[in-house]
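Visitor: Right, I'll just put the structure down here and ask away after.
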Amino acid sequence: MSIITDVLAREVLDSRGNPTVEVELYTEDGGFGRALVPSGASTGEHEAVELRDGDKDRFGGKGVLKAVGHVNNEIAKAVIGHDVTEQRLIDQTMIDLDGTPNKGKFGANAILGVSLAAARAAADEVGLPLYQYLGGPNAHVLPTPMMNVLNGGAHSTNTVDFQEFMIMPVGAKSVREAVRMGSETFHALQALLKSKGDITAVGDEGGFAPNLKDNEEAFELLVEAIKKAGYKPGDDIALAFDVAASEMYDAESKTYTTKWSNPDKKYTTEEWTDMIDGYINKYPIVSVEDPIDENDWEGWQTFTKKMGDKVQIVGDDLFVTNTDYLKKGIDMGVANSILIKLNQIGTLTETFEAIEMAKEAGYTAVVSHRSGETEDTTIADLVVATNAGQIKTGSMSRTDRIAKYNQLMRIEDQLGAQSLYKGRKSFYNVKAID
């Protein structure tokens, strides 16, 4: 038994230069844990509350001194004296103390910082790597990465409608090889853009946002880059994309629109599904995220019924890492995968519960970063601890993204012959892929 003796939070900066919460936690036997909390730009309507100060004279209102204050006062008083290894009890203590359904009193950014710092301190206390402390001796599966190399939608100034275009090294034999394949394809894509006279500046997640006209051109460019890097599209490297459909849905008319490429064009849910199906039939696509609006549950049913056997369908804004929404989706036969974002729900315990529920229902789980990241590498350890099998952590640039890939390679080296990279077999619940 090792008792928590001190908890300290401070305001630091994330990868966008915006304030975020950092927490340090200490135990009586010398255990130490530090965690930094990420932040999303496009957030789901039902996510846990990220508490900001609202003081326009500091960071344009984005300061987090209120959240920091809650950690250093109410939360610290509540968790000091607890056994640092009692993760569920620590998390539940904070949830009860907050007393709101969405962590609106203290902020998920305050609560999550303490939750993660406690786990790190406990791992330090017992002398184990974080992934092994959290996952035990069976933590051994290295994830197949989703690498966001091209951006559109709200993440860019071009006229591409879908928000993220990703490559997945499904044919790699190890995470180290997957990272190399991704890096080589990223640089091949950069060379192609330069040859076309297009911009090669990168966005928040390290991907390019060139002046492309539509989704079709983005998919074609990725296929060309994969070939240029010396790989076979589909066999070696497959494609994935995030539609971010809520950005293009009109609830009143129940229609979708190609908001950026052709805003006058309207689609019913069936027509929208057929449009996406056309891309999936034409290109080596294995995964699609948020293809339907987060509140259009009937639309999700329609999409899943048609597409569920041929592609991974990931719910992000739909599920917001929340077991209540995930259970509803499972009961309704909606999606077949969940995106896992720690700060959407706000504690490590609740994150584990969402992953467990997904697996029990035959859904895959994709552990994900946020657009506002830090040097914190917890998600790399989490994805191995849970044997989730897939990770979404940005492109092959920007240190805040690369830090996670580097940590995965370290973990793979530590595991040695015990490690397993599943690649294409990560999509175990999709008949047309596995």
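Using N, Cα and C of the backbone, Cβ positions are placed for all residues, glycine too.
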Visitor: Looking at Mg(2+) binding as recorded in Swiss-Prot, which candidate out of Asp242, Asp250, Asp264 goes with Glu289, Asp316?
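Guide: Site partner of Glu289, Asp316 for Mg(2+), according to Swiss-Prot: Asp242.
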Visitor: Can you name every residue in this chain, apart from Asp242, Glu289, Asp316, with its Cβ inside 8 Å of the center of the Cβ atoms of the recorded Mg(2+) site?
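Guide: Checked against the 8 Å cutoff, the neighbours are Gln163, Glu164, Val243, Ala244, Val288, Asp290, Val314, Gly315, Asp317, Leu339.
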Visitor: With a 10 Å radius around each C-beta, find which of these binding-site residues (Gln163, Ser371) has the fewest other C-beta atoms nearby.
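Guide: Candidates: the binding-site residues Gln163, Ser371. Fewest Cβ atoms within 10 Å: Ser371.
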Visitor: When a 10 Å sphere is centred on the Cβ of Glu289 (Mg(2+) binding site), how many other Cβ atoms does it contain?
Guide: 28
Visitor: Which site among Lys341, Arg370, Lys392 has the most other CB atoms no more than 10 Å from its CB, taking these as recorded positions?
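Guide: Checking each of Lys341, Arg370, Lys392, the winner is Lys392.
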